[in-house]
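Read through the structure below, which is laid out as structure tokens, and then see the notes.
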Amino acid sequence: MQTHPYTWNYIPLLIQILVAVGMACSMTTFSWFIGRHRNTKAKLEAYECGIPAEGDARGRFSVRFYMVAMLFILFDVEAVFMIPWAVIYRQLPHITGSPLFGFWEMLVYLGFVVVGVFYVWKKGILDWATDKADI
Amino acid sequence: MSLSFLILALLTLGGAVAAMTLHRLVHCVLALTVALAGLAGLYLNLGAQFVGLAQILVYVGAVAILIVFAVLLTRGAEIASQMDSSRQGRFSALAGGVATAAAVFAVLAWVVLHSPTLSAPAATMTQVAPQAAMQQIGDALMRRYVLPLEVMGLMLTAALIGAVILALEEKPEAQ
Amino acid sequence: METGFWLFLLISIIKILVVVVILLTAVAYTVLLERKVVGRIQNRWGPSRVGPFGLLQPLADGAKLFLKEDLIPESVYRPLYILAPIIALSCALMSIAVVPFGAPVMWHGVNLFQITDVNIGLLVILGITSVGVYGIALSGWSSNNKYSLLGALRASAQVISYELALGLAVVGVVMRTGSLSLKDIVSVQATHGLLSWNFFGGFQFVAFFIYLIAAYAETNRAPFDLPEAESELTAGYHTEYSSMKFAMFFMAEYANMITVSCVATLLFFGGWSSPFGNLIPAVGGVVVQALLPVFWFVLKVFFFLFLYIWVRGTLPRFRYDQLMGLGWKFLVPVAIANIVVTSFWMALRAR
């Protein structure tokens, strides 16, 4: 079995991260020095299918993208709280003394999540084509 | 152990300071992300695996992404943050910031010093196996803190509805 | 203690280097496999000139990409433009660290077939995946190109949407195992072969299909390859990238494919456990005993990679509203239903 302290398990993970980042950095650097550079004006322009780029690419975009990120945060927090429940679910009948207690309390919690999904759905936030919500 | 704490603390503080002082908004957001990731590292360093990873999943992976979206989707990213560069403006901003920070830290310190776990110093020193820690969180959530968990679920749904209503209300202005 | 630590460090570094080299080779040959298989699906040969059966093609491709001119267009925002592919590739190469490739073989207290076994391996993979979005979002924004920005926006919105379905799909498996350690998740499935795999015995096939669909979207692969839909967006967020920086996005995509296939194998198809379980008596010496699980693991991962390519060669691309609809209106509710049904069934069985 494992003879070393548990915290050592993070060391390989840390080395892996360093190796991955180092690899990515060295690839970028080497290809910069190995490849030749003969720039022309046309090459350095933004490539938009040969048509000269007009204006700045960065502008305002549909608020839907922002809404997706917002919904993601809220549902992500809800999902994160399900994980400790899932880890302990097998032992819950022994711990709480009732076979279905753990199930019911999570059902209530999931009920809130479902209400949230249903609300967003009905408001048309999830419809990208019809623009029912008019956002 | 203390070396890793030092590195992580410097990373977190550096990220936070950079997030306040840098001029381009995109840089500020990325610095904030570094600060949040450093905080996750601090949690992991303390052996709080679940909290650390939840920090990465929720803050680095979702909240900071939302801010990145907000910055990237508007023209704001181009404009350097418009700070009041006069001496008086800077001073009042600094004073306001320091006052807010002091108030927040005072409340936090008060809560920490009055928390019941501090009165039982022996319990805080015991090392728990990581798997057990994970299950302890589950156990606490399912028994002692059932009500807070459900209330939190309700609160998140309320926040969701609020967010949707806010987004929909902007409609007349956008036209 | 001291020598133990240095030995641990040395073994870890060797493991990491071996795994990274194998991963990069696998990436190169997955590209070749894809070109070959898609070629056959489209009634062509695919690469066949470089080396026998075109087997040296990846080397030629790699050399070509390294020697290409590394162009940085004038309108880009340089620091982030350079940073983006680095984030993308390094995130893709990180998560392999928690994947167990074979049955644990201990040598001086170190498991040889897994780089590290943290107890929250599954959360580590989810966390690293969620950080990967930065590479995409920043590449699109820093390129200052309309196609890139649109591609990046589509990609990041798609990735975060499907990440939710992916996270919810995994909950069923965690419930059955009671642990987030990938090693434990496999060990639970290793007893009765096929029958104890989560896909069959665990009745997690619904979760598996949610996971699979979400994973395809997560890696921006067909039929969800809208971010790089070449008929609409030139090449999406890597339009402005050339030479090795382009290749890095490419490698990140394939490395992510491999990781996702590994995780699918681990969570639903018993990881390194053989489909016959303990029903067939163990054969061979110590070496065979150690390598046979690795063989099964690689075989399953290969199957998933093949499926990826097969799907790409077969299915047409989704439309963006269909994609978002599928993610939010179908996968998320079904994943929640799966959690409810699984937990109810487990509670009834526990009686």
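Yeah, the Cβs are placed from backbone N, Cα and C, and that goes for glycine too.
Long-range contacts of the transmembrane segment (C:6-32) within the same chain: residues 47, 54-55, 57-59, 61-62, 93, 96-97, 107-110, 112, 115-116, 250-251, 254-255, 257-258, 305, each at least 6 residues beyond the stretch ends and with a Cβ under 8 Å from a Cβ of the stretch. Per TrEMBL, transmembrane segment is recorded for C:6-32 (among others).
Taken from TrEMBL, the feature transmembrane segment covers C:80-100 (among others).
Long-range contacts of the transmembrane segment (C:120-141) within the same chain, counting only residues at least 6 positions beyond its ends with a Cβ under 8 Å from a Cβ of the stretch, are 77, 80-81, 83-89, 91-92, 94-95, 97-99, 148-153, 155-156, 159-160, 163, 166-167, 170, 174, 180-183, 185, 218, 227, 236-238, 241, 249, 252, 256, 259, 263, 267. Annotated transmembrane segment per TrEMBL: C:120-141 (among others), in sequence order.
The feature transmembrane segment is assigned by TrEMBL to C:153-175 (among others).
What TrEMBL lists as transmembrane segment is C:195-217 (among others). Outside the transmembrane segment (C:195-217) by six or more residues, the chain places 158-159, 161-163, 165-166, 168-170, 172-173, 176, 188-189, 223-224, 260, 263-264, 267-270, 273, 277, 308, 311, 323, 326-327, 331, 334-335, 338, 342, 345 with a CB less than 8 A from a CB of the stretch.
Among the features that TrEMBL reports, transmembrane segment is placed at C:254-274 (among others).
For C:286-310 (among others), the entry in TrEMBL reads transmembrane segment.
When Cβ-Cβ distances below 8 Å are used as the criterion, the transmembrane segment (C:330-348) is approached by residues 162, 164-165, 168-169, 171-172, 175-176, 203-204, 206-207, 210, 213-214 of the same chain, each at least six residues removed from its ends. Among the features that TrEMBL reports, transmembrane segment is placed at C:330-348 (among others).
Within its own chain, the transmembrane segment (C:80-100) has Cβ neighbours under 8 Å at 16, 19-20, 23, 72, 111, 113-118, 121, 124-125, 128-129, 131-132, 134-136, 138-139, 141-143, 182-183, 186, 240-241, 245-246, 248-249, 251-253, 255-256, 258-259, 262-263, 266, 271-272, counting only residues six or more beyond its boundaries.
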